[in-house]
Amino acid sequence: MEFENIISAADKARILAEALPYIRRFSGSVAVIKYGGNAMTEPALKEGFARDVVLLKLVGIHPVIVHGGGPQINAMLEKVGKKGEFVQGMRVTDKETMDIVEMVLGGHVNKEIVSMINTYGGHAVGVSGRDDHFIKAKKLLVDTPEQNSVDIGQVGTVESIDTGLVKGLIERGCIPVVAPVGVGEKGEAFNINADLVAGKLAEELNAEKLLMMTNIAGVMDKTGNLLTKLTPKRIDGLIADGTLYGGMLPKIASAVEAAANGVKATHIIDGRLPNALLLEIFTDAGIGSMILGRGEDA
């Protein structure tokens, strides 16, 4: 039986009543959404995500999407006989891999997301950080337990973001969909972790919310319990004891920095849940883990 058919009229009314204060509160604000994980690969979740994004726009919130594409990149690398390598959660990116990353993110994933949102009545426009050179990047050197300043190829970090292109799209009533590729000072492309781009973009847009969609319920402790609120100090401890590692490291670092630099609320949420965005934004309980800025109490 379809989910919508088993919700009573009374439950629907309660859900709408609970959402109303949040709609009023967040109308006119920007929400930057890092889109990745299962929500990008499972057809039902992809469609649900697109509908949710359109609904956010309809109630006056300005969603800005920054997407990943790890599974799709891995699949293409496998087709050409290359194996993906990662260091501290970052993809090692030689010239051939960079060409594939840019082709997959800009040529396939971005267009698919744009098309899906537009199918459900939105006005999405896809952009890459190389368009108008609006995401300036510099080479990222990674520290590992064994060695500092490891060069992992054409992997960058955000040097600066010119938000004019994105703000212009928002003002035109569009939903920007951003592929996380930056441009270096010589015009070269850099693969940038989508979490880092989402965090920096949220800061520069003075976003009300930064929402990062993942394949887990949120940040978990060693016993598997969900941590609903985390301070930077607690996060430092979780990294030190090995609870947080790999792909969670750039996600957490980006969330902490965004919270410290004016983004009013940063959340790591479970993208496997239907309507995850709506559950976080429009319900009293919310879902996932909220990252607090320095000086805030959990």
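Yeah, the Cβs are placed from backbone N, Cα and C, and that goes for glycine too.
Swiss-Prot annotations:
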- Lys34: site 'Transition state stabilizer' (SITE)
- Gly69, Gly70, Arg91, Asn191: substrate binding site (BINDING)
- Lys251: site 'Transition state stabilizer' (SITE)
Among the binding-site residues listed here, Gly69, Gly70, which has the most company in the form of other Cβ atoms within 10 Å of its Cβ?
Gly69
Chain-mates of Gly69, Gly70, Arg91, Asn191 with C-beta within 8 Å of site centroid, substrate:
Gly68, Ile73, Thr93, Val101, Val104, Leu105, Asn193, Ala194
Between Gly69 (substrate binding site) and Lys251 (site 'Transition state stabilizer'), the C-alpha gap once rounded to whole angstrom:
15
Recorded substrate binding residues, Gly69, Gly70, Arg91, Asn191 - maximal Cα separation rounded to whole Å:
12
Could you check the recorded positions Lys34, Arg91, Lys251 and say which one's CB has the most other CB atoms within 10 Å?
Lys34
Long-range same-chain neighbours of Asn191 (substrate binding site), Cβ under 8 Å, sequence gap at least 6?
Arg91, Thr93, Thr97, Met98, Val101, Glu102, Gln154, Val155, Gly156, Pro180, Val181
Compute the C-alpha separation of Lys251 (site 'Transition state stabilizer') from Gly70 (substrate binding site), stating it in Å without decimals.
14
List the Cα distance (Å, whole number) between Lys34 (site 'Transition state stabilizer') and Gly70 (substrate binding site).
13
